[in-house]
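Feature annotations, courtesy of Swiss-Prot:
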ACT_SITE  GLU89  active site, proton acceptor
DOMAIN    109-340  domain 'Radical SAM core'
BINDING   CYS123, CYS127, CYS130  [4Fe-4S] cluster binding site
BINDING   GLY173, GLU174, SER203, SER226, LEU227, HIS228, ASN302  S-adenosyl-L-methionine binding site
ACT_SITE  CYS345  active site, S-methylcysteine intermediate
Amino acid sequence: MKASIYDFTLKELSQLLKPSFRAKQLYLWLYAKYKTSFKDMQNNFSKDFIAYLEREFTLRTIEITHVRESVDGSKKYLFKSLRDNHTFEAVLLKMKDKKIDKETNAILEGEKYTVCVSCQIGCQVGCAFCFTQKGGFVRNLKASEIIQQALLIKEDNNLPIEKALNIVFMGMGEPLNNLDEVCKAIEIFNTGMQISPKRITISTSGVADKIPILAGKNLGVQLAISLHAVDDKTRSSLMPLNKKYNIECVLNEVKKWPLEQRKRVMFEYLLIKDLNDGLDCAKKLLKLLNGIKSKVNLILFNPHEGSKFERPSLESARMFADFLNSKGLLCTIRESKALDIEAACGQLREKKLSQQI
């Protein structure tokens, strides 16, 4: 089976293609001009080189099979692998953006886009609150399949080349359980799509022994930890992974994470009614994160079919956040985008092609 051209970093292509400058030209066609056929690249390449590319590589290995749009402008995408017909989802989040004009000091309003990508089909972690785990684990996604999620979404929305995206690994799967492909995808996002590592966030459920491996790669990405509880008993009931990597174990590795001067590690905390949303939990969380440059992102539980958990009130979430902020721990409440199309946090899963999304 031919290799996908999107699976190769710029360095790998430079070593493979002769002369090596062909790699940069090819990257320009792929990631700046969105060409999906080697024949469309004939302005730069000879017929013999085009024939070589067609013989050795394939381009698109996934396709969009369905799109569902939210009232807030967000979109959920169902992708199908052209190799094995398995499906997976990704989400485009559309948000308002405000910037200050440096010359006039005027406030400029615009839009910013975040693509929430999947790195696995299904998930092995088995978090009790997450819909993804309902379908079990199928396989890891290749770097090319991760990259194409962002490319296809950007094309589908006619976003200009220069329009920067934020990439968050918060879709289906645990990024640290597919670390090699995730890291390769990040390198290609950076060198191919020109997405700064500062715009890329990896969210992990806390695979503690792989956090230092990720840190050692010096990718410059942002780290987010799915914490969701302040004691091991509660966290283990929500996240079975905690039995292997408990809270203390995870936090010990987080403390070693290299941070730029103004950066913080994000801790994601899912608020579930009458389980972990009280002020007693907020006080324990404050104590847990003492000494760590951190910020807390509160997520109100997003209901899905078959779940026993309930969404807490916005009032209780605000009380939780206000307490942490009053004590000097930066805390925000995540706006639940795309809730009406079941594309919010914890609502993605593999679907049969006959199913609606």
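Cβ coordinates are placed from backbone N, Cα and C, and glycine is handled just like the others.
Small disclaimer: the values here were computed from a predicted structure and weren't measured.
Overlay of Swiss-Prot annotations on the structure.
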residue	record	DSSP class
GLU89	active site, proton acceptor	strand
CYS123	[4Fe-4S] cluster binding site	coil
CYS130	[4Fe-4S] cluster binding site	coil
GLY173	S-adenosyl-L-methionine binding site	coil
SER203	S-adenosyl-L-methionine binding site	strand
SER226	S-adenosyl-L-methionine binding site	strand
ASN302	S-adenosyl-L-methionine binding site	coil
Practice item. To the nearest whole angstrom, state the Cα distance for the pair CYS123 ([4Fe-4S] cluster binding site) and SER226 (S-adenosyl-L-methionine binding site). Key: 15
Review point. Could you tell me the C-alpha distance between SER203 (S-adenosyl-L-methionine binding site) and CYS127 ([4Fe-4S] cluster binding site) in angstrom, no decimals?
Key: 14
Check your understanding: For LEU227 (S-adenosyl-L-methionine binding site), which of the recorded positions GLU89, CYS127, CYS130 has the nearest Cα in space?
Key -> CYS127
Check your understanding: What is the biggest Cα to Cα gap, in Å, among GLY173, GLU174, SER203, SER226, LEU227, HIS228, ASN302, the residues listed as binding S-adenosyl-L-methionine?
Key -> 19
Point to revise | Whole-number Å value for how far CYS130 ([4Fe-4S] cluster binding site) lies from GLY173 (S-adenosyl-L-methionine binding site) (Cα to Cα) | key: 11
Check your understanding: What Cα-Cα separation, expressed in whole Å, is found between GLU89 (active site, proton acceptor) and ASN302 (S-adenosyl-L-methionine binding site)?
Key -> 17
Revision key, fill the gap. Around the Cβ of GLY173 (S-adenosyl-L-methionine binding site), other Cβ atoms within 10 Å, all chains included, total 28
Study note, to complete from the structure: Cβ atoms other than its own within 10 Å of the Cβ of GLU174 (S-adenosyl-L-methionine binding site), all chains, total 26
Practice item. Would you mind ranking the binding-site residues CYS123, CYS130, LEU227 by how many other Cβ atoms sit within 10 Å of each Cβ and giving me the lowest? Key: CYS130
Review point. In the structure shown, with every protein chain counted, which of the binding-site residues SER203, SER226, ASN302 has the densest set of Cβ atoms within 10 angstroms of its Cβ?
Key: SER226
